[in-house]
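Okay, so here's the structure we're looking at.
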Amino acid sequence: MSSGIPKPPSVTIAHRRDAGAPIRKVSTSRYLPLAATVTLFIAISVLGSVMYTGFFSLQVFLNLLIDNAFLIVVAVGETFVILSGGIDLSVGSVIALTTMVSAALVEKAGWHPLIVIPLVLAMGTAFGTLMGWLIARFRLQPFIVTLAGMFLARGLCYLISIDSISITDPWYAAVSQIRIPVTSGASLSLGAVIALVVLAGAVFVAHYTPFGRTIYAVGGNPHSALLMGLPVNAATIGAYALSGFCSALGGVLFTFYMLSGYGLHAMGLELDAIASVVIGGTLLTGGVGYVIGTLFGVLLLGIIQTLISFDGSLSSWWTKIAVGALLLVFCLSQRAFGDRSAAKR
């Protein structure tokens, strides 16, 4: 049979079944990390409610979404990259570059924000696509490629300006003040609503589309995915393109939050994004995880910071200590769980 003849339907169906198999196979056995994250989040919420008056309120919870909207968006993009077996260290620098380009074009060039925002989103997507193409085409290590991207994007910020550029455009100020009422005494910012929409879209893409199933298959075993005829390179490029888009969108939300562009914005945020993904239950080795877990990973980091703020006597650096301890515990538990699963096979 020549290679030009289409494959029989039975083979195509088998390919689809194999591509979706990682999701169905682990859907019941891999809930434990996600359940642990949710349980820990609830436990800290209860602890804060017992210790501090006013901690247990709807607005305090909504503030977690408001203050971490940009991180939720960025971490969602990072989730797809890690699920595919890669990593993206450039996300924080892309946020900074997005704020700098936005501020420079709006304040110095006089461009309207509605022109600038699609431009920076396209810029972030192109940046991620380029890194994904380099990784897929030349079989380069994602760590090295995205590390180079991190330095490149951060360096471009300082080519624009070494100083902070304040955004005085009334359109930005007006959008940053928009609040969507949830109840009579609680509301969400527009950025938080956008983050939740992105999250919902990401859940659908990850679990109900061929692209999402391919990402899981590639992260689980790229060689098997290639033998099944799945578009491994296209999925890899797509994952990094999506991460670049989410980083740029996170940068737009960060611009609304800070109303400025600065080369030092979002320093180290790539580590917060990776920590949120891992604490949310996604394996660093790829192939296993849930996008919704990333949300709870971000919320867990946020509620630890809120608890420290309510205390008032602890340094904010205790947040980093707590996150580091949690990350270590989750990595060790993932390894132990992976070894136990391998032994059962």
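Cβ coordinates are placed from backbone N, Cα and C, and glycine is handled just like the others.
For 31-53 (among others), the entry in TrEMBL reads transmembrane segment.
Per TrEMBL, the feature transmembrane segment maps to 60-83 (among others). Beyond its flanks by at least six residues, the transmembrane segment (60-83) meets 45, 54, 91, 95, 128, 142, 182, 186-189, 191-192, 194-196, 198-199, 202, 206, 215-216, 219, 239-240, 242-247, 249-251, 253-254, 257, 269-270, 272-274, 276-278, 280, 282-284, 286-289, 291, 294-295, 297-299, 301-303, 306 of its own chain at Cβ-Cβ distances under 8 Å.
Here TrEMBL flags 113-136 (among others) as transmembrane segment. Outside the transmembrane segment (113-136), and at least 6 residues removed from its termini, the chain residues within Cβ reach (under 8 Å) are 77, 86, 88, 90, 94, 97-98, 101-102, 105-106, 142, 145-146, 149, 153, 169, 171-172, 175, 232-233, 236-249, 251-252.
Look at TrEMBL and you will find 142-161 (among others) tagged as transmembrane segment.
According to TrEMBL, the transmembrane segment annotation covers 182-206 (among others).
What TrEMBL records for 237-259 (among others) is transmembrane segment.
Summarising the annotation, TrEMBL assigns transmembrane segment to 271-304 (among others).
For the transmembrane segment (316-337), the residues of the chain that approach it from at least six positions outside its boundaries are 32-33, 36, 40, 272, 275, 278-279, 281, 283-284, 300-301, 304-305, 308, judged by C-beta separation under 8 angstroms. What TrEMBL lists as transmembrane segment is 316-337 (among others).
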Stretch-level contact, the transmembrane segment (31-53) and the transmembrane segment (237-259), CB cutoff 8 A, at least 3 pairs: no
The transmembrane segment (182-206) vs the transmembrane segment (237-259): 3 or more CB pairs under 8 Å: yes
Folded-back contacts onto the transmembrane segment (142-161), same chain, C-beta under 8 angstroms, at least six residues removed: 81, 86-90, 92-94, 96-97, 100-101, 104, 127, 131, 134-135, 261-263, 270
For the transmembrane segment (237-259), distant same-chain residues with Cβ under 8 A (at least six beyond the ends): 69-71, 73-74, 76-78, 80-81, 83-84, 86, 88, 90-91, 94-99, 102-103, 117, 120-121, 123-129, 131-133, 135-136, 166-167, 172-173, 175-176, 190-191, 194-195, 198, 211, 215, 265-266
